[in-house]
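Peer 1: Dumping what TrEMBL says about this protein:
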- ARG59, TYR198, ARG326: substrate binding site (BINDING)
- ARG326, ARG445, VAL446, SER451: ATP binding site (BINDING)
Amino acid sequence: MPEIKDGKLDLKAIGRKYLRQVKRNFSAPLLYEEIVRSKKGRIAHMGPVVIRTGSHAERPLDDQFIVRETPAGGIREVLWCHKDRKEMSWAHFESLYSRLISYLEDKDVYVQRCYAGSVPEYRMSLRIVTETAWHSLFVRNFFEPVTETGKAEADEPDFSIIHIPGFRATPSVDGTRSSAFSILNLEQKVILVAGTSYAGEILRAAFTAMNYMLPRNAVIPMRCSANVGSAGDVAVFFGRKGTGKTTLAIDPERSLVGDHALGWSEKGLFSFDRGCYAKIHQLSPEDSPHIYQSTRTFGTILENVAIDPETRHVDLNDGSLTRNTRAAFSMSCLPNPVTSRTCGHPRYFFLLTRDALGVMPALVRLSPELAIYYLLSGYTSRMTAEAKDAAETEDMFDTRFGVSALTLPPDIYADTLLEKIRKHDIRCWGLNTGWVGEPCGKGRRVGITHSRALIRAVLSGALADVRFETDPVFGFEVPEVCPGVPDALLDPRSVARDKGEYEVRANRLAAEFIREFSRTEHEIPEKIRSMLSHVISLEDSYFDPESFGFSL
């Protein structure tokens, strides 16, 4: 039975009783020393530290659990379970937690006391416990340390996150699906993450906690990036991993507000964290100069990047370990961040997707209702296990581009978001950073230069007098031309070498959208369901997927 105080897990007592040493609030230089001493990383040329995540370079999507049961046997009905997050009993949680503490016996851990949220009235205090020094450095890059004298130790945090990658669960004993897991226990205000070194799980855990707390304060949490122009115009970027969200939000002509997650209150936007987590495989200094510079900066963590053992120079083009190489760095590395990490209300929404089917145009205009539909669908294409063969892809849907972090039903977020979009007259756009006309493996991906040109055309008003055409199936509006962009990127049908085969792909994708919406529409209130159910139109007689060998 783990130590309990006032009905909560007593982490301080656990530390005193079981751990060898608790290394609290170490600075970046001290953590560098710990990383090198423990042989968990190497210092690269010009200062970043290079680490390896091992077999878990990806997020363990199938190993997320939520404990709705209380110690007394009650159930917290407010919590939302879905296909990616299963319920775990209190008994399994208690047993697993006890085994995890036994694993830590006589080991060192690193603890950072910090805040998530840049606005004091909405911020959450966190205690983040990590097994390794480089994960503690990751925490310092992303979250504001508690600096008030004595406060870090005197006050109990709002939430605790415990990240122990060396511990492995036993599925037959622990009720998990593999050796890795992420368990949310809101009754105890704790999230356990183990069996994976993927540092993004720490961010997801913090975002999950904020997702639960903020809607109670009339704040909507969003998994997105945001930047602001010199005129105060705010652009928000939604997108899954690999869509270019971070790369496009870090624009030399605009100031970054936040990269990972933001809250939207009645006063405007505020960032949950102060870090950036960018994919850097084959990163170009010409296309992304600020991110490239961060890979040559002290304090930056480079995940799974190739490094020469003699010269300590890194090779960003080498994807032999994984294509999901990452740089984790503080926004202070950028030349023009918004230091307060706050801004006004959004003016533009960009919903990013990496369409490997080559169906979506590079840029489309969305109605508020269609924007909500696409947010609820969260469509993108994933490179299978970030495979070395980039042609290996699968289509995937993820509610609000981040279902794994939602703790409340998606309709609560969707209803509030639609209301805010209408209230603030937000211009909504869809941006395909994948393939246009020809699918992955046959065509070329949209270049970052063209994606930036499309965004800048929207922000500058260059499309105000351009004629748009409505797509008969997907319902979005497509501009006929855009300055600085080939017309073919706006007309996938014209690019496709086989027009009939393109129509098959297009209708296959539409059918997948409809199927995905029908799978979850029972969770959406009638007023939203009826409004969105016919956003995408596909006549049953128009397309028979089985006749083309597709399984939908």
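Count begins at 1; order follows the chain as displayed.
Cβ atoms are placed via backbone N, Cα and C, with glycine included.
Just so it is clear, the model here is predicted, and its values are computed rather than measured.
Could you tell me the structural context for the features on the list?
Peer 2: The Cβ neighbour count for TYR198 (substrate binding site), using a 10 Å radius and every protein chain shown, is 24.
In the three-state DSSP classification, ARG445 (ATP binding site) falls within a strand.
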Peer 1: Have a look around VAL446 (ATP binding site) and count the other CB atoms within 10 A of its CB, chains all included.
Peer 2: 24
Peer 1: When DSSP states are folded down to helix, strand and coil, where does ARG326 (substrate binding site) land?
Peer 2: strand
Peer 1: Going by a 10 angstroms cut-off between Cβ atoms, which of the binding-site residues ARG326, ARG445 has the sparsest surroundings?
Peer 2: ARG445
Peer 1: Rounded to the nearest angstrom, how far is the Cα of TYR198 (substrate binding site) from the Cα of ARG445 (ATP binding site)?
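Peer 2: Spelling it out, the Cα of ARG445 (ATP binding site) and the Cα of TYR198 (substrate binding site) are 27 Å apart.
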Peer 1: I'd like the number of other C-beta atoms within 10 A of the C-beta of SER451 (ATP binding site), please.
Peer 2: 25
